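The annotation substrate binding site is assigned in TrEMBL to Asp8, Ser9, Tyr40, Gly41, Asn74, Thr75, Thr185, His186. Look at TrEMBL and you will find Cys73, Cys184 tagged as active site, proton donor/acceptor.
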Amino acid sequence: MPHVLVFDSGIGGTSVLSHLKLAMPMVQYTYVMDNELLPYGLQSQETIKSRLTALLSWIEQSDKQVDVIVIACNTASTYALETARQHTPIPIVGVVPAIKPAAETSQKKHIGLLATPATSKNTYTANLISAFASECQVDIYHSTALVNIAEHYYWCKELQVELLQAELKRLNICNELDRLVLGCTHFPIIKSHLQDYFTHRVELVDSGAAIARRVQHLLSSKLIKCKSLEARLVHWYATASDKFEAAVGVKPLKLES
Ligand code: DGL
């Protein structure tokens, strides 16, 4: 049975997990959230690197037989993908802002990036923009409030409409752009509500479907051998599990950083 471990600071990675489950329902998924340090967008690069290193040690020690690790967090991927890859032989798929498809499909050659403070200002993102969007005007926006709104929406099944409106007003996203990259995996969780806000034509672009295709490709030989089509229950772990244990049976995890 192929086994994929999905990691994020919180529930943002479930937006990627949904694509993975749709493409590969028969796979065993483990979902790990480092919500003790949420939001990652306000953490330093050093902190995030050491949390990922600790995660990889835990995977190794727990003998989980993971086939692919998906770092379903733009912040962690843009800050620490290379470091993480040096610490494990397991293939790692990172989730980074979908600048390339947004730039390729933009009619106006004017796109936006909406991400966490960390992702919006780091070198990895700057390199992505110069490699794939040099022909475009790229407006960059960052928000931590949207991460918190998405967390609340997921756990409490309630949209904080006033907070959302206030944050979108503060962001003041330019109405000339025609593609807005959702460069944080938390944002697709509230995608339909974000879309409702835009009266002008703007397409919201995220990496979820592309990540599922990449993982499917990496697992192709194992998937062929896998006969069962029955979906498995996701195993959940959290570094601050006390908050949500009752809701989804989240197991505690300690990351020594
Ligand atoms: N979901 C994460 C991302 O894609 C991080 C959100 C946060 O913890 O700040 O960047």
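In case you wondered, yes, glycine gets a Cβ from its N, Cα and C as well.
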- Cα-Cα separation of Ser9 (substrate binding site) and Cys73 (active site, proton donor/acceptor), in Å? 7
- Inter-residue C-alpha distance, Cys184 (active site, proton donor/acceptor) and Asn74 (substrate binding site) (nearest angstrom): 5
- Task: Using the centroid of the Cβ atoms of Asp8, Ser9, Tyr40, Gly41, Asn74, Thr75, Thr185, His186 as reference, list every other same-chain residue with Cβ within 8 Å of it (recorded substrate site), in sequence order.
- Result: Gly10, Gly12, Gly13, Pro39, Cys73, Ala76, Thr116, Thr119, Val147, Cys184
- Could you state the CA-to-CA distance between Gly41 (substrate binding site) and Cys73 (active site, proton donor/acceptor) to the nearest Å? 10
- Asp8 (substrate binding site): secondary structure state under DSSP, collapsed to three categories: strand
